[in-house]
């Protein structure tokens with residue numbers, strides 16, 4: 001979703017990633033996630049019998065949805081009242097109502113690690129990074145891998161070992177300049193069940209990721225937004241597929257779109273192998 005750019009100013013672009021659990025699992029494993037975790041199809045968000053097929057706890061939920069006029073109107077209206085995480089030295093925590101609790105910036109450890117999307121058509125990859133670099137999934141990242149490097153370099157400047165002055169901008173550059181990440185993505189993005197669009201094509205489907213943060217909240221992670229969005233608190237035993245998480249997270253998207261059926265979901269959870 002961008003206009004044509006000159007060759008000197010064109011942002012990097014990736015082939016759009018298909019919501020294919022096998023390919024997504026391969027990509028995550030190639031990046032350094034342990035084979036103990038895998039991506040699973042989610043066939044229903046409301047049928048308990050179908051949800052029971054997914055290993056629990058589910059560590060992340062990725063939703064593919066149509067970028068409709070209704071969604072864009074909602075996004076712009078909600079973002080208008082939010083502080084901009086992308087430009088803050090110490091990013092503020094955002095609530096569902098778009099308020100900054102206490103009126104101050106969050107200077108301590110962030111409850112989630114969020115990446116702004118500056119790579120065209122990379123929303124699927126950004127969603128997988130949000131899924132694997134947050135919450136309990138972090139403990140499944142193997143050492144000396146692309147993911148382990150991204151995790152450490154996203155939190156601290158490798159040259160100084162100090163927290164980034166502008167963390168969101170630093171993380172965007174980190175993804176843009178990571179050749180291993182680009183190669184791994186390219187290797188799987190063209191292998192889907194459908195013909196892959198070109199990297200520069202306009203697409204009207206988008207990925208968003210839901211994770212449980214270190215603060216126990218359900219967080220909506222979307223690199224196109226002004227920052228991560230805390231959608232509500234979860235109890236200790238509730239995961240991203242719990243009734244409450246689904247109600248305040250992905251089901252809100254379906255409610256907005258009414259009869260549009262171009263939705264699909266996958267979850268990051270324990271491997272069945």
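Note that Cβ sites are derived from N, Cα and C of the backbone, with glycine treated the same way.
In the three-state DSSP reading, residue 123 (active site, nucleophile) counts as helix. In sequence order, 16, 17, 117, 206, 207, 208, 222, 223, 224 are the residues of the chain that are 6 or more apart from residue 123 (active site, nucleophile) and have a CB within less than 8 Å of its CB. Taken from TrEMBL, the feature active site, nucleophile covers 123.
When secondary structure is read from DSSP and collapsed to three states, residue 206 (active site, proton donor) falls in the strand class. The active site, proton donor annotation in TrEMBL covers 206.
Among the features that TrEMBL reports, domain 'UCH catalytic' is placed at 13-270. Per-residue confidence over the domain 'UCH catalytic' (13-270) averages 89 (mean pLDDT, predicted model).
What TrEMBL records for 82-110 is region 'Disordered'.
Feature annotation from TrEMBL assigns site 'Transition state stabilizer' to 117. Of all Cβ atoms in the protein chains displayed, 20 besides its own lie within 10 Å of the Cβ of residue 117 (site 'Transition state stabilizer'). Residue 117 (site 'Transition state stabilizer') carries neither a helix nor a strand DSSP state and counts as coil.
Among the features that TrEMBL reports, site 'Important for enzyme activity' is placed at 222.
Take the CB of residue 222 (site 'Important for enzyme activity') and look out to 10 A: across all protein chains shown you find 24 other CB atoms. Cβ contacts within 10 Å of residue 206 (active site, proton donor), excluding its own Cβ and spanning all protein chains shown: 21.
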